[in-house]
């Protein structure tokens with residue numbers, strides 16, 4: 001498939017999805033929910049060896065939930081990693097190809113089934129081959145620090161990624177997804193590699209972020225995007241596996257720094273201890289909050305939205321529902337001391353209350369930003385909004401959040 005045709009596939013998918021395509025969610029999370037033990041340097045890629053049928057099952061679950069893009073199980077599948085497990089180079093390459101094949105087979109099986117129902121609301125999904133960062137291979141948490149040490153230079157990073165990229169491209173995915181890139185150097189390596197290998201599959205490059213402002217290395221995203229913005233082979237840029245409360249400001253930042261599509265798929269907000277290999281107790285977003293904020297992220301400019309670690313098919317179902325259902329209209333209004341955003345379709349069946357999420361607040365004694373609350377007021381009409389001196393649903397989409 002030619003590069004222009006491949007780009008058209010992605011653009012058409014985004015258009016069919018209503019302006020924002022939905023990426024799947026946490027893969028390892030769902031494998032573990034089904035009983036897989038993956039506390040291993042290969043992480044979810046371990047199932048390519050031990051239980052490929054489970055991988056296909058998880059892909060199908062995300063398709064059923066409404067995912068428009070499947071990301072393959074190759075994030076931590078590297079040839080050095082497979083070699084360290086005693087596999088041959090040929091066996092390792094075969095497993096990389098299998099990661100794409102399993103996703104394609106799941107996509108085709110699902111699409112063949114839903115096509116028989118003329119009333120279905122699904123899109124034919126695209127398959128993105130996951131290419132995890134060098135830090136993901138190290139399995140020491142350095143994809144969240146960007147500290148690869150003095151011996152890691154541009155050429156070493158290109159050599160690390162090169163053969164895996166070649167093998168995945170031969171498996172014919174629709175897209176390439178470079179994930180949790182923590183520094184400018186690796187972003188540049190990815191861009192140069194795409195050019196050197198003359199890759200004709202559209203790519204996205206996603207960074208990790210631990211402070212809500214910069215790449216984990218401390219470099220600004222302006223610095224990190226320098227090489228990416230010069231590449232025609234990279235179609236989208238963004239953030240993955242960062243806390244969801246960072247996403248709004250990061251979308252705004254990326255919109256100022258690039259003309260490429262913006263892709264975001266945060267984790268649940270829980271914190272991963274890369275050395276202890278465990279999730280630390282922390283405040284996180286549930287599915288309701290993902291549903292609320294997905295519309296906000298799209299309004300700010302994201303064209304591809306999904307979930308990463310600790311999100312599930314129910315998370316993706318919530319995101320897909322709110323982004324694709326035209327009945328999910330939005331409006332802003334005040335409830336005493338808080339400015340809240342309400343989705344009309346979340347009207348509670350047992351009362352006249354509406355579920356809402358606090359966007360801004362004047363009284364921390366009553367509300368905090370991001371709280372989920374119920375408010376006994378219907379979304380305002382234009383006249384109601386004018387009487388309250390706040391924007392109506394239409395104008396608030398244009399002018400941003402109302403002042404508190």
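The count begins at 1 with the first shown residue.
Using N, Cα and C of the backbone, Cβ positions are placed for all residues, glycine too.
Taken from TrEMBL, the feature domain 'Hcy-binding' covers 9-323. Here the domain 'Hcy-binding' (9-323) returns a mean pLDDT of 95 for the predicted model.
The feature Zn(2+) binding site is assigned by TrEMBL to 241, 308, 309. Sequence-distant contacts of residue 241 (Zn(2+) binding site), defined by Cβ-Cβ distance under 8 angstroms and a gap of at least six in the same chain, are 179, 180, 208, 265, 266, 267, 308, 309.
Among the features that TrEMBL reports, region 'Disordered' is placed at 380-404.
Apart from the site residues 241, 308, 309, the chain places the Cβ of 26, 180, 240, 242, 265, 266, 267, 307, 310, 311 no farther than 8 Å from the centroid of the site's Cβ atoms, the recorded Zn(2+) location. The candidate set comprises the binding-site residues 308, 309. Of these, 308 has the most other Cβ atoms within 10 Å.
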